[in-house]
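Input: a single structure, listed below in structure tokens.
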Amino acid sequence: MATAPKEAENAIGLEEIHMERQEPPKGQKTFTVEEAVETIGFGKFHIALFLIMGSTGVAEAMEIMLIAVVSPLIRCEWQLQDWQVALVTTMVFFGYMVFSIVLGLLADRYGRWKILLLSFLWAAYFSLLTSFAPSYVWFVFLRAMVGGGVSGHAQGLIIKTEFLPTKYRGYMLPLSQVFWLAGSLLIIGLASVVNPTIGWRWLIRIASIPGILLILVFKFIPESARYNVSTGNVAAALATLRRIAKMNGAAMPEGVLREPAKERRGRFKDLMHPKYLRTTLQIWIIWLGIAFAYYGVILASAELLERDLVCGSVAPPVQDPGDDSEESRSPCHCHLFGSAAYQTMLISTVGEIALNPLNILGINFLGRRLSLCITMGCTALFFLLLNICTSSAGMTGFLFMLRALVSANFNTIYIYTAEVYPTTMRALGMGTSGSLCRVGAMVAPFISQVLMSASFIGALCLFSSVCVVCAISAFTLPIETKGRALQVCI
């Protein structure tokens, strides 16, 4: 077997190699990227891929969860009302929604690797700028820009999906949740130390460090071989597959890599193709509902801790009539998290991995659709259970289970969406789904931080109802992707 050219060893160079497509001699064996990935199997390359691309979840979690732990401080610093605090989170996800579609289109046209690198540079730059925000308006604008950059991190999941053999996807992709959990725990732990001492601006600067460090190791991950083949860049795809086989100590399939180039890539109307129309619409509903529930739980947790809304007690503490301070006259309450509040946030966040083993079993044995239906139904139930009058420990337990369930929902829908669409529209499918996901995330703050103050049971019933709708949509999805090879084209 001829060795790949020296420049093909570089991940960036792999994208630039093009080979004129010629018909293979009659009778010569050929193989596809899918067959090569299955033949090479799982090995050292995939472990490195899992660690590097999985770590994108650490950076993403820190940037997204940051708002939950700085909200009390910016509320006090700029004397914000409830709707203004909620608007910060909404604008972060607005930026995510807009850029998710744009970056998904660009990734299908120009490559997953380039867009992933661009998104990390973008997010790190604007995150650092946020720490110098002179006013509330600037803070909102800059965090929206951070949300736009973070939206491109989904390309890391797509790269992992396109390199993993079929039987490993249902196990390795859910394990990526460990990285999101690590990022969430890290930002809460840092906030408990940094916020009371040197302030939220330094917390933002420290939180941007993991994203900057990850940029330095991206060169070790190549562009997706499936993407290269879909653009006709067969030489780059072959060089990548040989490199993976060498790292894994495995043999390449016999014959010549042969897969026709797909000239039309990343077209929005392909999502509306009759073969995928129903699937696309139901996926969008599920993504929207899952994000609504997920960020609803996170923000409701912060609101419960900040205001002590246990047993539905929403009455604000009685102020001393003689207290004439600015804070007492302000329409905005100013109540910072204490050590007990941070501890409760840490415990409930650990819940995100509590059901991971059961989630993995469900995904691989029950299938993606039924597993998602069950976890969404349980999420609806636990939202209603939050209304039960209980102790702080009981409330922590309910929040723990809710975080576990909403995390399992995200695991499953990420896997399903990455598997159900073909290579020519996979990034766009993830991008548009991510945008609808952020619509749910944009609405969640106004339910968790505004409506919940007015009607606790009303907010919980709304969250529960949305989860029921998602459970029905998941059960009726027309395609099951369990054990199904990744499709190349429509």
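From the backbone N, Cα and C atoms, a Cβ is placed for every residue, glycine too.
Remember, TrEMBL labels are computer predictions, not curated facts.
Quantities reported herein were computed from a predicted structural model and do not represent experimental measurements.
As recorded in TrEMBL:
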TRANSMEM  47-71  transmembrane segment
DOMAIN    49-482  domain 'Major facilitator superfamily (MFS) profile'
TRANSMEM  83-106  transmembrane segment
TRANSMEM  171-194  transmembrane segment
TRANSMEM  281-300  transmembrane segment
TRANSMEM  340-358  transmembrane segment
TRANSMEM  454-477  transmembrane segment
Do the transmembrane segment (340-358) and the transmembrane segment (171-194) share at least 3 Cβ pairs under 8 Å, sequence separation 6 or more?
yes
Same chain, outside the transmembrane segment (47-71) by at least 6, Cβ under 8 Å from its Cβ: which residues?
85, 88-89, 92, 116, 120, 123, 127, 143, 146, 150, 153, 156-157, 159-160, 163, 172, 175-184, 186-188, 191, 195, 200, 203-204, 207-208, 210-211, 214, 217-218, 220-221, 247, 298-299, 301-302, 306, 337, 345
Intrachain neighbours beyond the transmembrane segment (454-477), with Cβ under 8 angstroms and 6 or more residues off its ends:
279, 282-283, 285-286, 289-290, 292-293, 296, 300, 309, 312, 314, 368-370, 372-374, 376-377, 379-381, 383-384, 386-387, 409, 416, 440, 447-448
